[in-house]
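Participant: Starting off with a structure, shown below.
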Amino acid sequence: QFVTGEEDHHQGWRNGFGSPSVYHAVIVIFLEFFAWGLLTAPTLGALHETFPKHTFLMNGLVQGVKGLLSFLSAPLIGALSDVWGRKSFLLLTVFFTCAPIPLLKISPWWYFAVISVSGVFAVTFSVIFAYVADITQEHERIMAYGMVSATFAASLVISPAIGAYLSQVYGDSLVVVLASAIAMLDICFILVAVPESLPEKMRPASWGAPISWEQADPFASLRKVGQDSTVLLICITVFLSYLPEAGQYSSFFLYLQQIMGFSPESVAAFIAVLGLLSIVAQTVVLSLLMRSIGNKNTILLGLGFQILQLAWYGFGSEPWMMWAAGAVAAMSSITFPAVSALISRTADPDQQGVGQGMITGIRGLCNGLGPALYGFIFYIFHVELDQVPEKEPDSSIIPGPPFLFGACSVLLALLVALFIPEHPHMGARAGSWKKHTSPHGHPHSPHPPGEAKEPLLQDTNGHYPGQECFRTQCVPLIGRA
């Protein structure tokens with residue numbers, strides 16, 4: 001089952017416990033986002049206290065800077081992990097992602113400043129997906145990615161509720177200490193227990209092996225979008241649907257608490273229910289839909305659910321409407337796994353990285369643009385937090401203008417997705433892709449005639465370890481965690 005199989009990994013700190021498995025990746029993700037989930041209630045309070053004027057705008061800017069930095073750095077970190085192994089970069093990304101946690105009580109200003117700058121290294125999902133790609137066969141990969149995504153949702157099922165309760169009973173300081181301890185546990189788990197997934201034979205002989213700047217170019221995959229009409233349609237669909245999703249994740253829980261009047265306990269319960277429903281949707285429901293109505297129709301159904309939930313969020317003025325829309329939102333989480341499956345099924349084996357790189361590159365770009373866009377729309381519609389609302393929401397205006405903008409964007413995505421072929425095949429164009437593709441599945445300028453460049457990290461099946469994963473999503477922490 002594993003690419004690394006029975007191989008003897010080099011001795012020392014890279015050994016870990018047992019053979020590398022998806023379970024190692026799942027534990028790393030769970031601990032990291034469980035720690036951030038504990039801080040949901042304290043972070044929302046600190047955000048409003050630190051930026052009493054234009055809270056949504058500042059939240060959008062913090063998350064926007066973080067997302068853009070992650071988008072710019074993810075391909076470089078992915079390329080470096082191909083040379084130096086995954087474990088080193090798991091340690092690096094988890095450490096810097098969790099570094100801001102203690103600052104919440106020390107200095108909230110520095111806390112939000114470090115969160116935005118930490119985006120340079122906050123690409124744990126990139127390295128985790130590369131780790132999973134190293135140790136799974138192609139037909140297992142979608143389920144493995146689904147496990148990782150479901151684990152992220154599971155980590156947020158109980159942690160915000162626990163954090164809100166501890167904060168109310170014992171104060172924010174205990175919550176910050178507990179979150180810091182769990183982050184340290186995650187770092188220790190990587191150091192001691194996680195084995196290296198990338199075999200020695202897959203890597204260059206020397207740690208000093210040069211890294212091509214083309215590999216590290218975050219815009220490289222975006223430049224390839226127009227070379228294939230099917231890929232272009234898929235990428236436009238992803239951009240139009242994920243832009244509002246990224247913005248929603250960065251501001252929605254703040255919106256629930258400060259505009260809709262949810263208590264910290266209600267926000268925590270909302271996250272828990274949403275997480276549980278998302279786990280069911282991304283495992284059981286997704287599998288049933290893929291078998292019964294097919295890949296393309298599953299994508300269309302997911303986009304339909306997303307339009308409904310965004311419109312409901314936008315017009316909803318009562319708490320029960322938020323709960324109902326949240327249930328629909330969980331169903332809309334099937335869209336991206338279905339898009340990944342479409343790319344994985346239609347691309348040639350040695351072109352997986354090209355297709356996935358384009359999709360994840362666009363998602364990374366949206367993680368920067370979406371939060372800033374939502375913050376700006378809240379700002380221009382004068383949705384402010386100058387008074388923490390104890391009153392009923394004002395129904396004379398649209399309560400959530402950005403969500404209506406998002407619904408219109410996803411409607412356009414649905415119209416574009418209708419034109420995606422039912423059974424597209426990218427393999428016919430593989431020749432044109434290959435000549436623009438680097439050994440790691442990243443585009444660059446073609447080699448001069450007669451200059452053969454041997455793929456550096458290719459295995460016997462023509463796959464490149466982790467090539468799907470270098471520009472995957474960086475999850476906005478203030479909103480989602």
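The backbone N, Cα and C atoms fix where each Cβ goes, and this holds for glycine too.
In case it helps, TrEMBL gives these features for our protein:
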- 21-41: transmembrane segment (TRANSMEM)
- 21-424: domain 'Major facilitator superfamily (MFS) profile' (DOMAIN)
- 61-81: transmembrane segment (TRANSMEM)
- 88-104: transmembrane segment (TRANSMEM)
- 110-132: transmembrane segment (TRANSMEM)
- 144-167: transmembrane segment (TRANSMEM)
- 173-194: transmembrane segment (TRANSMEM)
- 231-255: transmembrane segment (TRANSMEM)
- 267-290: transmembrane segment (TRANSMEM)
- 297-315: transmembrane segment (TRANSMEM)
- 321-343: transmembrane segment (TRANSMEM)
- 364-382: transmembrane segment (TRANSMEM)
- 402-420: transmembrane segment (TRANSMEM)
- 429-459: region 'Disordered' (REGION)
- 432-445: compositional bias 'Basic residues' (COMPBIAS)
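Tell me what's around each of these sites.
Facilitator: Nonlocal intrachain contacts for the transmembrane segment (144-167), taken as residues 6+ away from its ends with a CB within less than 8 angstroms of a stretch CB, comprise 22, 25-26, 29-42, 125, 128-129, 132, 136, 174-175, 178-179, 264-265, 267-269, 271-272, 274-276, 278-279, 282-283, 286, 333, 337, 340, 475, 480-481.
Sequence-distant neighbours of the transmembrane segment (173-194) (same chain, 6+ residues past either end, Cβ-Cβ under 8 Å): 13, 16-17, 20, 24, 27-28, 31-32, 34-36, 38-39, 41-42, 87, 90-91, 94-95, 98, 101-102, 104-105, 163, 166-167.
Tertiary proximity for the transmembrane segment (321-343) is limited to same-chain residues at least six positions away from its ends with a CB under 8 Å from its CB atoms, namely 142, 145-146, 149, 153, 234, 237-238, 241-242, 256, 260, 262, 270, 273-274, 277-278, 280-282, 285-286, 289-290, 295-296, 298-299, 301-303, 305-306, 308-309, 312-313, 315, 352, 355-356, 359, 363, 420, 424.
A Cβ distance under 8 Å defines the sequence-distant neighbours of the transmembrane segment (402-420), meaning residues of its chain 6+ beyond its ends; these are 230, 233-234, 236-241, 243-245, 247-248, 251, 296, 299-300, 303-304, 306-307, 310-311, 313-315, 342, 373-374, 377-378.
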Participant: Averaged over the domain 'Major facilitator superfamily (MFS) profile' (21-424), what pLDDT does the prediction give?
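Facilitator: Its mean pLDDT is 81.
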Participant: Could you check if the transmembrane segment (21-41) is in contact with the transmembrane segment (297-315), meaning 3+ Cβ pairs under 8 Å among residue pairs at least 6 apart in sequence?
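Facilitator: Contact criterion not met.
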Participant: Short question: which residues 6 or more past the ends of the transmembrane segment (231-255) have a Cβ under 8 Å from it?
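Facilitator: For the transmembrane segment (231-255), the nonlocal Cβ contacts are 40, 44, 47-48, 55-56, 59-60, 63, 67, 224-225, 267, 270-271, 299, 303, 306, 310, 313, 335-336, 339, 342-343, 355, 358-359, 362-363, 365-367, 369-371, 373-375, 378, 400, 402-403, 405-407, 409-410, 412-413, 416-417, 419-420, 426, 475-476, 478-480.
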